[in-house]
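Copied from TrEMBL, the annotated features are:
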type	residues	note
TRANSMEM	20-37	transmembrane segment
DOMAIN	27-517	domain 'Major facilitator superfamily (MFS) profile'
TRANSMEM	98-116	transmembrane segment
TRANSMEM	128-150	transmembrane segment
TRANSMEM	156-184	transmembrane segment
TRANSMEM	196-215	transmembrane segment
TRANSMEM	221-242	transmembrane segment
TRANSMEM	329-350	transmembrane segment
TRANSMEM	370-387	transmembrane segment
TRANSMEM	399-419	transmembrane segment
TRANSMEM	425-448	transmembrane segment
TRANSMEM	460-482	transmembrane segment
TRANSMEM	494-513	transmembrane segment
Amino acid sequence: MARLPPGIRFIISFSRDQWYRAFIFILTFLLYASFHLSRKPISIVKGELHRFCTAPNEGEVHFHSQSQKAGDTAPHRLPGNGTDCGWAPFDQDNYQQLLGALDYAFLCAYAVGMYLSGVIGERLPIRYYLTAGMLASGALTALFGLGYFYDIHSFGFYVVTQVVNGLVQTTGWPSVVTCLGNWFGKGRRGLIMGVWNSHTSVGNILGSLIAGFWVSTCWGLSFIVPGAIVAAMGIVCFLFLIEHPKDIACSSTLVKHPKAYENGAHRFRLQKQVLTDERSKPLDPEMQCLLLSDGKHSGHQNHVVILPADGGGGMAAISFTGALKIPGVIEFSLCLLFAKLVSYTFLFWLPLYITNVDHLDVRKAGELSTLFDVGGIFGGILAGVISDRLEKRASTCGLMLLLAAPTLYVFSAISKMGLEATVAMLLLCGALVSGPYALITTAVSADLGTHKSLKGNAHALATVTAIIDGTGSVGAALGPLLAGLISPSGWSNVFYMLMFADACALLFLIRLIHKELSCPGLATGDQVP
C-alpha cells in the first residue's frame, strides 16, 4: 500500500473535534475582527472632517466641492492663515468637542446596550442574534459614509447614526465569547483567548488601512467599505456558526474525566479519590482564591457531582444580580472600566495626536497608529501566557498596569522627539495597555462565567461577559470624551488623565492580587457543593 501524502497525513492527524474547534476559533476571530474594523474609520477620518486649508483670499475658502473630494489631499495651514476648512459642522473651532461627542454617542450607547445584550443574548439562539446585529451594524456604518455622498451636514444625523450603531454592536461580544467558551475548556484558556483576542488589534489595523486608503479622496468610502464587510461576515455567521459542540455531536473539552455517564437531563461524573501526596498540588489558584465565595476546602472523599446536560439546557438563565454576586465580577468590571478608558482613548484619538505632534498627513498618521495595535497583539498573548503559567490572572493584569503608567509618560515626552521614538513607544504602549484589557475581557470573563458556584449553568457566561464588558464600555465612552475636552489645553494633560486611569484600574485589583498571592490553593478534585 502506498504511503499517504504528507498533506493527508497532517489532516488525519487531528480528530474531527479538533478540526471543528479550529474552525470555530477562526470563524469567531474573523467575526469580531470585522466589528472592530468598522469602529476604526471614525478615528482616521477625524483629520479630514476638520483640516486647515489655504486660500489666497478669504472669500475663496469654501467647503470641498464634489470634484475636490475626488482628488485633493489635505493641505496644511500657511503661516498667518487662520482660516479653517473641513466638513461642516466639524469645521468650527469647537471641532474637538464635536468629534469627542461622536465617540461618546457611540460608546455610551454601547455601554448601556451591553448590559441588556447579555441578558437578551442568552435567551436567543446565538447564530440568529449575532447575524442580525452584524447586518444592522454594517448598514449603519455605511449610512454614516453616505453623509458624504448626499452632502449631509447635520450633526444630529451623525450622532443618531453613532448611537444606534453602538446599540446593535453590543450583540457581538457576548455572543462570540459565549460560543468560544462552549467550545474550549479551561486548559490554557489564557493562551488560547490571548491569541484569539488579537482580533481586536487585527480589526483595528485593517480598519485603519481601509479607511486610510480613501480618507483623503473620498472619506465616505472609508465607512461604506467596512460596513459592507461587516454585513458580509454576518451572512457568513448565519451560514456557518455552530453555537455548541453538542449541536454536531462533538465532545466538550470541559470534560476530561475518564468516566462519564449520561442519564436524562444530567451527566453524572465519577471522581477518583485524590491521593495523599497530590493534595498539596495547587489546582488553578486563580479560580480557588478569586472565584470561590467561601474559600473553604472540601473533603477528599469519593463523590458524585451532578452537572446539567451539555449546554445547560435544563437550567434557567442567571439573573443580572445573581451574576454580580459571583466573586470577582465587580472588581474586574471596575478595573476594566479604567483599562478600557485608556485603550479606547488611543483607539479614537491616536491618529489625530500623531498628525498634530509628528506633522504627518492623515493617511500616514493612520498607518502609523496601527503599530499600537501590533503591540496590542503581543501584549494580549503575553498576558495570556503569563497568567496561564502563574495561574494568577489579577496579578498579571496588575503588573502590566503598573508598568503602563510610567510608559505613557515616557511616550508623551519621547513622541515629540521624532518618528523613530514614536514607533518604538507605540509598540510598547500597545502591549502594556492592551494586555490587561484583553485578559479581562476574554479569559477572566470566561473563568467567572463558568465559576464553580454556578454548578455548571452555561447560561451565565453571556450575562457575566456583558456585565464586565458593559462596565468597561462606560470607561470606553468617557475616555474619548474627556480627551476631546482636555486636548485643547494640551496633549500632556490627556496623558496625565490616562496615567491616573491606569492607577485607578490597578487600585481595584489590589484585594484580588493580595488574595492570589496569599491563598495556598485547594487540593486536586475539590468541588464546590
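Positions of Cβ are set from backbone N, Cα and C atoms, glycine also.
Automatic, uncurated: that is what TrEMBL annotation is.
Highlighted: of the candidate stretches 128-150, 156-184, 370-387, 494-513, 494-513 has the greatest count of Cβ pairs under 8 Å to the transmembrane segment (329-350).
Of the two recorded stretches, the transmembrane segment (156-184) does not lie close to the transmembrane segment (494-513), with fewer than three CB pairs under 8 Å once pairs fewer than 6 apart in sequence are set aside. Counting C-beta pairs under 8 angstroms (sequence separation of 6 or more), the transmembrane segment (20-37) reaches the transmembrane segment (221-242) with 3 or more such pairs. Same-chain residues lying 6+ beyond the ends of the transmembrane segment (399-419) with a Cβ under 8 Å from its Cβ atoms: 339, 342, 354, 357-358, 368, 379, 383, 425-426, 428-429, 432-433, 435-436, 491-492, 495, 498-499, 502-503, 505-506, 509. Sequence-distant contacts of the transmembrane segment (128-150) (same chain, at least 6 residues past either end, Cβ-Cβ under 8 Å): 31, 34-35, 38, 41-42, 69, 87, 120-121, 157-158, 161-162, 164-165, 168-172, 175-176, 218-224, 226-235, 237-238, 241. Highest Cβ contact count with the transmembrane segment (98-116) among the listed stretches 221-242, 460-482, 494-513 falls to 460-482 (criterion: pairs under 8 Å). Contact between the transmembrane segment (460-482) and the transmembrane segment (221-242) is absent: fewer than three CB pairs lie under 8 Å, with pairs separated by 6 or more positions in sequence. Proximity of distant same-chain residues to the transmembrane segment (494-513), defined by a Cβ-Cβ separation under 8 Å and at least 6 residues beyond the stretch ends, is recorded for 290, 328, 331-332, 334-339, 341-342, 345, 349, 353, 394-395, 397-398, 401-402, 404-406, 408-409, 411-412, 436, 475, 479, 482-483, 486-487.
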